[in-house]
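Visitor: Before we start, here is the structure in question, set down as structure tokens.
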Amino acid sequence: MDYRAPGRRSGFQIQISLPDRRKSLNCGASRSPWAERGMKHHSHHAEPSTLRRFLASEAAGGVVLMVSAAVALALANSPWASAYHDLLEAPIAGHSTLHWINDGLMAIFFLLVGLEIKRELVDGHLRHWSARVLPGVGALGGMVAPALVFAYFNAQSPQTARGWAIPSATDIAFALGVLALLGDRVPGALKVFLTALAILDDLGAIVIIAVFYAGEPSAAPLLGAGVTLFLLLGLNLFEVKFLTPYLLLGVALWHFVQLSGVHATLAGVLLAAMIPLRLSGPDPEEHTPLHRLENALGPFVAFIVLPLFGFANAGVAFGGGDLAAGGGPVLLGVALGLFLGKQAGVFAAIALAIGTRIASRPPKSGWGQLYGVSVLCGVGFTMSLFIGQIAFDADEGAMRATKIGVLAGSGASILLGSLALWIMSKRASAGRAPIDS
């Protein structure tokens, strides 16, 4: 399936559309934050076509991520389990393969996340405060409620209570992949809403990692990181448009951050903040370094980095081992935090915001559909496993329980969320319930 915006040049086309973020998800200041997503096109830019390309690429990446996780699960519960774990522990340049994936390749993932957040806040759909309110409130509720659920089950154990943030994240690739499978049964405005919520949710997760999961700081590497950031800021202020110096300094920044006690992946977010971004022009030649880097990294992250992360971290053996001995509370906290806490937090928060009229409901979206999307926010695969690796790095039992909890909570969220959206679409098509009711 291939999408092309009419009247615009396309750099390449293949069967699965790769990320094409050349056009930001802007909304006019005079319109409702969601209005233009449900309107017919009146210009040659055809924004919804660009949105469809974005959703298609995220869905494709989500499918590959699902397959890689399924392969990891199959290997971990097969006679080849020892070979699977040996592969992850194989040393490369003094570190295990798993370490390079989680601390090295995931820094590239966080760089892309940082670029997406910056673009959306500065030059995209979230540049207007009115567009930030509903997804922002939903993201906040969706982080607080799951953390409270996890804390309820783990309050008596300081060792496991440290994982409180694990169920607070949403996996955009998985969630959008599910929406893509539902096709036109889900209004476009709801897809934009979920994308915006997941972007702000990622921003919250980054803040949580930086504030609550940093190690003991080391002065000398922090100084080196500070000097590198100063040099990157200088490149930005002088509007250097070549990406090479940014990327070279980014490697140095990653090295210093890794040695400083702060998690190395945050170097990607810091680097993204320094990549220049100006309001995009109508032609590809006018795109800033941020747009060019984001377009270049999108396919690599979607089809290489995240599948490798899923393969390396989703493999958990279901048999053998007593979870009740210590991992039971972690499993319950993660699974119920994602499945119950996430949907309750997101839906209650957006219902409150809409009910008090501080935000408007996306057009052509009923309460049942908003509930279905709220449930899908409980798909927390990538970021949840990542935070779990940081929180329980030396506790194999807790990490095993975390993996099972993430798989259970995310799987249940996919099933119930998909069912809710499918039922609401059938009711709307049958005329039994207006879609805006």
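Even glycines carry a Cβ here, placed using N, Cα and C.
Annotation source TrEMBL lists transmembrane segment at 59-80, 129-152, 164-182, 189-213, 219-238, 245-277, 297-318, 330-358, 370-392, 404-424.
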Visitor: Please report, as numbers and ranges, the same-chain residues at least 6 past the borders of the transmembrane segment (330-358) whose CB is under 8 Å from any CB of it.
Guide: 133-134, 137-154, 160, 163-164, 166-168, 170, 197, 323, 367, 370-371, 373-375, 377-380, 384, 388, 392, 398, 401-402, 404-406, 408-410, 412-413, 416-417
Visitor: Given the cut-off of 8 Å on Cβ pairs that are 6 or more apart in sequence, determine whether the transmembrane segment (245-277) and the transmembrane segment (59-80) share at least 3 such pairs.
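Guide: These two segments do not touch.
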Visitor: For the transmembrane segment (404-424) against the transmembrane segment (129-152), do we get 3 or more Cβ-Cβ pairs below 8 Å once near-sequence pairs (under 6 apart) are dropped?
Guide: no
Visitor: Using Cβ atoms only, state whether the transmembrane segment (59-80) and the transmembrane segment (164-182) have three or more pairs under 8 Å that are 6 or more apart in sequence.
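Guide: When sequence-distant Cβ pairs are counted, the transmembrane segment (164-182) touches the transmembrane segment (59-80), since at least 3 lie under 8 Å.
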Visitor: With Cβ distances under 8 Å as the criterion, find the stretch in 129-152, 189-213, 370-392 that has the most pairs with the transmembrane segment (164-182).
Guide: 370-392
